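First the structure, in the form of C-alpha cells, and then the observations on it.
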C-alpha cells in the first residue's frame, strides 16, 4: 500500500539496509551475531563493574551505565530488523514505529551525554587530581546519571509527541532499517515546520553540547599532558583516555555522516549504513575498546567469567 491516509491504517514498511533483499538470511545472521556480541560484552561489563569493588569509582560507574545503555540501544533496532529479514516481512505498526523512535532517541542521547560525562571525569582526574574526590564523587555521578536520563527521556518524548500528531499519506515506505526522525518526516503530508524548528532549536544543541564538552575536555587534557616532564606520566594519561577517545571518534563520525553532513550528497542508503555503525557497531565495540588496555577491567571480567566455572567445578568435585 503506497498511498492513502496511513493514520487510519497505522502500518509502515521498513526497507532495511541496502542490498538486504538479495541475501536476507546472511545479513540477518551477521547482525544477530553482532547483536549477541554487543549484548554479551556489555552485560559482562555491567556485571564486572557491579561485582568488583575496585571498579566502584566514578569513571567505572559511568562506564557501567554506558554499557547498560548500549544493551538497550542495540536492542531497539536489531531484533526487529533481524525478524523482518528472516520472515520476509517488513511492516511495522505506526504505534510500534513511534515507540521505536522514542527509545532510539532516548538511548542515542544517553550515549552522547554519558560520553561527555566520562570526558569531564577524565579532565578532572588528569588536570585537577587533588580535587577529583570532591568534584567527581560516586553520589555526584548517580545524581548526574539520573538527570541525564530525565533529559534524554523528555527530549525523546517531545519529538515522539510531535511526530504522533502528523498524518502520513505521501507514502508508507521508510527507506531505513528503523524508524528515525528524518525518514519519517519525509513521509508526512502534514506541516512539519514545528518538528523541524524543534530539531534545530532543541535537538541540535542537545547533540552539539556534549560534543563541545568532549572536545573542550580533551583540549585541556592535551595541554596538561604536554606540560608533564615524565614520559611514563604522559603514557599513563593517554592510556586512560584512549578507549574513551576511540569510542567518541567512532560514534560521532558515523552520527555526523547521517545528521550533520551537507544535504547534497545525502542518500537514504548511505544514511542507513552510517546509522548501522553508531547503532550496532559502536555498542558492540564498546567493551573491547575499554577492556583491551585497562588492567582493572580485564581482571574484573576474568573474575566474572571464572567464578561460575570455579563454582561448577567445586560442585562436581563435591559430588
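Every residue gets a Cβ built from N, Cα and C, even glycine.
If you look up TrEMBL, you'll see 41-290 marked as domain 'G-protein coupled receptors family 1 profile'. Annotation source TrEMBL lists transmembrane segment at 26-47, 59-78, 98-120, 140-158, 192-225, 237-260, 272-292.
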Quick one: do the transmembrane segment (192-225) and the transmembrane segment (98-120) have at least 3 Cβ pairs under 8 Å, skipping pairs fewer than 6 apart in sequence?
yes
Counting Cβ pairs under 8 Å that are 6 or more apart in sequence, does the total for the transmembrane segment (237-260) and the transmembrane segment (26-47) reach three or more?
no
Looking at the transmembrane segment (26-47) and the transmembrane segment (140-158), are there 3+ C-beta pairs under 8 A, with each pair at least 6 apart in sequence?
no
